[in-house]
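What TrEMBL records for this protein:
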type     : residues : note
DOMAIN   : 423-505  : domain 'RCK C-terminal'
TRANSMEM : 12-31    : transmembrane segment
TRANSMEM : 51-72    : transmembrane segment
TRANSMEM : 149-174  : transmembrane segment
TRANSMEM : 222-240  : transmembrane segment
TRANSMEM : 261-278  : transmembrane segment
TRANSMEM : 298-317  : transmembrane segment
TRANSMEM : 324-344  : transmembrane segment
TRANSMEM : 350-369  : transmembrane segment
TRANSMEM : 376-404  : transmembrane segment
Amino acid sequence: MKERDLIRIRAVFRGVIVGSLVGLVVSAFRYTISELLVFWKFCYHLAGTSVYDACLVVFGLLCLTWIIGLFITHEKHIMGSGIPEVELQLVDRLQLNPVSVLISKFIAGSLALGTGGFLGREGPSVQLGAAVGQIYAEKIKVSKADWRLLVATGAAAGLSAAFGAPLAGTMFILEEVAHSFSVLLWIEALSGALAADLVTDHFFGLEPVLAIHYSASFPLRYYWILVLLGLLLGGLGTIYQQVTLNTGIFYRFLRWIPRKWQSIVMFVAILPLGIWAPTLLGGGENLIKGLPLSNSNLQIILLLFLVRFVLSAVSFGSGSPGGIFLPILTLGAIIGLAVGRSAVNLQLLPAVYLPNIIIFSLAGYFACISKAPFTAILLIAEMVGSLAHLLPLAFVSLIAYLFVDLLGGAPIYESLAARIGLNTVLKEREKPQLQRVELSVSPAGSFTDREVKEIPWPTQVILTRVVRNGNELLGKGDLIIQPGDKLILLVPATTAAAVSTALARLN
């Protein structure tokens, strides 16, 4: 047996170990969230019956805010989704204590998601999986390259366990997080994702997460509707990206609330819904499954979209431990319902195809926001439990993706990672002594057509971003520098002149 074969067998073996462990952790995470959600829905019901009970519920939410704040103080990188942090770990731009992240994210994430906040479990599951992979890697003392493989494998297993989608979990890590399609990575990641899915299937059953039932395949003669759907998804996807990336503007008006306690804003926002419309709470999994049977008129559907859009942004912007994956899918499904209902009302589409439109919209909206179309197609196929939609799924996803591209949209997770990475650099490396430098790449210089990791950078130079054709790219090690790129660098202020001269020589 060749050494290459042994390496691949070892990768499968390690992937199965990590995936099985991640499956257990994420299964416990999912179960805890579901039980807490039942408890909090009961509390919201009581809050609607008397002022005394309402005061008790508010007090409970205040205590919850304080507890989550304690965990954030202890481990600040559990805030939000967790996927951008994993991206930064894989390019050595962020170092985390995996045990601290695992415990803090599990508890704080369960508490935040269990209240019914408009957040998803998938981002935290990815970060939990990455933490498990890192713990295992450090336990068996592997090389740095194998360390990255195991962290990526854990992340893939986390997404697989969260949604019951091993293929999409693997593709998401390859396409969006690691930005690499190396053979060892996909072998180990797929092994971990499959193992995690088997474990979660044991606890939660084999039914697809989004079992949307449909009775007919979508005919080619109605594909013109899918063109309009893709364009609409792309336009609304760009708006979602901008709103999500700029929620900090809203929270600047609430500076009197310490950042670690801003979860209270989410709790206050969802409390009225918990009392009067508890079915709308949470990431939206049950809501999506019920949409094909909805008889709501277009005005109600649009109101539902607006409420979920705003509260999803408020929830994520609060810094509460939770993701945007499932909320994005929920918004996509509502858009699909609105388009499908309009087409049916105008007698442009038979009502039998309404569930199909919802399914296609799920994929298209996620594809354009994440800029990960292959992941979107596989994810929805696995979550719905059918491969019959591959052509229309790909059709809508491609149109939505291209339209966001034309509008200048960037991958949401990469954009979030870029901001976290820059903030980490500024906080951890003597803030007053760093100076920003911009450098346009010459066609004939030594930067051109080389990977970032191959360039002999001067000491203490930090490449934060690369601006290419108006788009901002993360300065990852495998990114190939091209002529005309604008490099955004941080250099020590005391040696800025000398470093700038050295960079100019290289350029």
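Placed from the backbone N, Cα and C atoms, the Cβ positions cover glycine too.
For the transmembrane segment (51-72), the list of distant contacts is 43-44, 78-79, 104, 107-108, 111-112, 115, 258-261, 263-264, 267-268, 271, 319-321: same-chain residues at least six beyond its ends, Cβ to Cβ under 8 Å. Here the domain 'RCK C-terminal' (423-505) returns a mean pLDDT of 73 for the predicted model. Counting Cβ pairs closer than 8 Å to the transmembrane segment (222-240), the top stretch among 298-317, 324-344, 376-404 is 376-404. Sequence-distant contacts of the transmembrane segment (324-344), counting only residues of its own chain at least 6 positions beyond either end whose CB sits under 8 Å from a CB of the stretch, comprise 81, 118-123, 162, 210, 225, 228-229, 232-233, 236, 240, 244, 283-285, 287-288, 291-292, 294, 297-298, 301-302, 304-305, 308-309, 312, 315-316, 350-351, 353-354, 357-366, 369-370, 412. Here the listed stretches are 149-174, 261-278, 298-317, and the one with the most C-beta pairs under 8 angstroms to the transmembrane segment (376-404) is 149-174.
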